[in-house]
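Participant: Here it is, the structure in full.
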Amino acid sequence: MAMKAVCVLKGDSPVQGIINFEQKESNGPVKVYGRITGLTEGLHGFHVHQFGDNTQGCTSAGPHFNPLSRKHGGPKDEERHVGDLGNVTADKDGVAKVSIEDSVISLSGDHSIIGRTLVVHEKADDLGKGGNEESTKTGNAGSRLACGVIGIAQ
């Protein structure tokens, strides 16, 4: 049965957006699509974080969702956090049109991202290839510009 989820991204900055998630079968890939506005032109890290807690803004969402205790990587890497969705690219108008298909996240089961926080970051994610310890944890993606809890949609 197809499952759907949605996330409304908001933050202290002008960055905002709506991201949709769609999974046709329980172990199938998840389509991630939508748009984010108010960004600076270029790449911005895009991750699912562990907790759905936004009581202290995006910082209370915890680290990247990583149930397999792996190092940070890119979305196509074998070694990655479940929540590592790579980067979104904003155009000169600050708009990122998101269209990702990912086979590691899920909307059900052990790797479900429902109830967790989606975050868009200030800087590009170096996909774990930055050559320092922070790269293997966060991809050096910098501060959290906007976030929202991923919820079930109809």
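Cβ coordinates come from backbone N, Cα and C, glycine included.
Computed from a predicted structure; not experimentally measured.
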Participant: With His47, His49, His64 listed by Swiss-Prot as Cu cation-binding, which of these, His111, His121, is given for the same site?
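Facilitator: Candidate listed by Swiss-Prot for the same site: His121.
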Participant: Going by Swiss-Prot, which one of Cys7, Cys147 is joined to Cys58 by a disulfide bond?
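Facilitator: Between Cys58 and the options Cys7, Cys147, Swiss-Prot records the bond with Cys147.
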Participant: With Cβ-Cβ distance below 8 Å and at least 6 positions apart along the chain, what are the contacts of Ser103 (phosphoserine)? List them in sequence order.
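Facilitator: Counting only residues 6 or more apart in sequence, the Cβ neighbours of Ser103 (phosphoserine) under 8 Å are Gly28, Pro29, Val30.
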Participant: Using Cβ-Cβ distances, find the residues under 8 Å from Ser106 (phosphoserine) that belong to the same chain and are at least 6 apart in sequence, listing them in sequence order.
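Facilitator: Looking at Cβ-Cβ distances below 8 Å from Ser106 (phosphoserine), excluding near sequence neighbours, one finds Gln23, Ser26, Asn27, Val30, Ser112, Ile113.
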Participant: Listing them in sequence order, which of the modified residues Lys4, Lys10, Ser99, Lys123 have their Cα within 10 Å of that of His64 (Cu cation binding site)?
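Facilitator: Checking each Cα against His64 (Cu cation binding site), there are no hits.
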Participant: Measuring Cα to Cα, how far is Lys10 (N6-succinyllysine) from His49 (Cu cation binding site) in Å?
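Facilitator: Computed Cα spacing between Lys10 (N6-succinyllysine) and His49 (Cu cation binding site) is 15 Å.
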Participant: Where does His72 (Zn(2+) binding site) sit by DSSP, helix, strand or coil?
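Facilitator: The residue in question, His72 (Zn(2+) binding site), is coil (DSSP, three-state).
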Participant: Which recorded positions (Ser99, Ser108, His121, Lys123, Lys137) fall within 10 Å of His81 (Zn(2+) binding site) by Cα distance?
Facilitator: Lys137
